[in-house]
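Over in TrEMBL, the protein carries these features:
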DOMAIN    A:1-236  domain 'Aspartate/glutamate/uridylate kinase'
BINDING   A:Lys5, A:Ile6, A:Gly7, A:Gly8, A:Ser9, A:Gly49, A:Asp178, A:Gly220, A:Lys224  ATP binding site
SITE      A:Lys14  site 'Transition state stabilizer'
BINDING   A:Gly48, A:His53, A:Gly157  substrate binding site
Number of protein chains: 2
Amino acid sequence: MIIVKIGGSVFSDKKGQPENFDEETVRRIAKEIAGFYPDEDFIVVHGGGSFGHPYAKEYGIREGLPEEWEAANRRRIGFTLTHQAMLRANERFIEVFVREGLPAFSVSTSSVFITENGDVAYGDVEVIERLLELKFIPMLFGDVSIDLAKGIEILSGDQIITYLTKMLEPNKVVFLMDVDGIYDGRPGEGSLVQNLTRDEIDGLLERLNCLAAGTDVTGGICNKLAEAKKIAEHSEVWFVNGKVPGRLSGAIRGDGFGTRITG
Amino acid sequence: MIIVKIGGSVFSDKKGQPENFDEETVRRIAKEIAGFYPDEDFIVVHGGGSFGHPYAKEYGIREGLPEEWEAANRRRIGFTLTHQAMLRANERFIEVFVREGLPAFSVSTSSVFITENGDVAYGDVEVIERLLELKFIPMLFGDVSIDLAKGIEILSGDQIITYLTKMLEPNKVVFLMDVDGIYDGRPGEGSLVQNLTRDEIDGLLERLNCLAAGTDVTGGICNKLAEAKKIAEHSEVWFVNGKVPGRLSGAIRGDGFGTRITG
């Protein structure tokens, strides 16, 4: 089983029109997956792009649920609007996958996972496992979450994958990004890291100055690397460019161009 | 806590245009709920109406997953299309409730419940319980389900409610229908049963000829009564006309017009 993460920046321009969706890129990704399915099983997880983020930010979801009733109710409404925006993104993905003959099935992240300060505290993977057995392609997404500490939170697609990897032990996890992989420095400046072992991640995190807090609600490359370190305990991890045809297929076959992290 | 079931026939005309939605009726129902929230907690479950049923029927979802690959894959696609249609209905409900200031939150039934021959075999109510604690209004819907016996199935809103009642022990369950309640005979012919005890249900089932199989994929009044019998073990049950203003409020207060079933 292979888990494919489709990063927000691959299918949507966060700085563009609200809820813009790069259907052509998603169709090409679906076609690449169709080249391996049903011999290989897949779980797909996508990010928020221009769908969930604007609501999450406007309503301050990451700040949790306040005490005062009116403020709390406004945030509850924001929580539900963020989820609905993510469902609209998810609907677009399902439509494209179905058109390619792939039985992708929407699983609502917030119906299944509970977080504690943003980390998955609990997640029932029973439905996901049975969907896989029946040869569906479960499709999850970054979403809002009920949080044991803060009341409400945002749960990123990357963190879902960390949890799923621990529970389901995939053969491979492929992260699709809008750059060629992990760079030792800024993309375009530092050089692409093509092979990385789990033990080398800490050094890279340090060189990338990952101790400073990010601004992206779901974290940028530092969070990705930190999650990748946890994932690599259980599975091979690839970071490849989702905008370039063939890169996903290369990662699935194992001879692709990008960053490969081994345990 | 009160569970409100909004039957498909209350918000949608199954014989009308595909995906027709009676927004005015739903807005009035939301307003009635808003008259009691937040003093009272609510779970809302809605049916399929003209949204889910056409897909469920076209793709033969209730027949389960066949052996042959092409036939199975067509049915997998139908399974996912049925769910997406139900999400579209659900989105309409969420929009209307949010506009009335109610923090309704979509919980995907098929992400949470697994059936065995159509009965709930397993359901994780953790997220629903925590949503209630945080004063959200969890909103579920009749949906497709993974089925332990048949692979795939349809899970009706009524059956979800039976399960939720067992797990969460609400004070009251109110079924909104397009008739005034349960009739001793055909609606319009027999007389309305205003009070019924749990023990009297078997006799009524017999008089209504409920041993003959129905044609509605989620069952008609016979299924409703059979579920009501199970529900009445744990909670007071009301059947009232959701099309008539004030009937829901009457059932919530306890002095309404319709059928009241006590344990």
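Any Cβ shown, glycine's included, is placed from N, Cα and C.
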A:Lys5 (ATP binding site) versus recorded positions A:Lys14, A:Gly48, A:His53, A:Gly157 - nearest by Cα:
A:Gly157
Checking the contact step here: among the recorded positions A:Gly7, A:Ser9, A:Lys14, which have a Cα within 10 Å of the Cα of A:Gly157 (substrate binding site)?
A:Gly7
Between A:Ser9 (ATP binding site) and A:Gly48 (substrate binding site), the C-alpha gap once rounded to whole angstrom:
9
Just to verify: the residue among A:Lys5, A:Lys14, A:His53 with the fewest other Cβ atoms within 10 Å, which of the recorded positions is it?
A:Lys14
Show which residues of the chain containing A:Lys224 (ATP binding site), separated from it by at least 6 in sequence, have their CB under 8 Å from its CB.
A:Asp158, A:Phe175, A:Ile182, A:Phe239
For A:Ser9 (ATP binding site), the number of other Cβ atoms found within 10 Å of its own Cβ:
18
Using Cα coordinates, what distance in whole Å links A:Gly48 (substrate binding site) and A:Asp178 (ATP binding site)?
14
A:Gly7 (ATP binding site) versus A:His53 (substrate binding site) - Cα distance in angstrom:
13
A:Lys224 (ATP binding site) in three-state DSSP notation:
helix
Round to the nearest Å and give the CA-to-CA distance linking A:Asp178 (ATP binding site) with A:Lys14 (site 'Transition state stabilizer').
12
For the domain 'Aspartate/glutamate/uridylate kinase' (A:1-236), would you mind checking the mean pLDDT of the predicted model?
93
Using C-alpha atoms only, work out the spacing between A:Gly7 (ATP binding site) and A:Lys14 (site 'Transition state stabilizer') and round it to an integer in Å.
11
For substrate, with binders A:Gly48, A:His53, A:Gly157, what's the maximum Cα separation in whole Å?
13
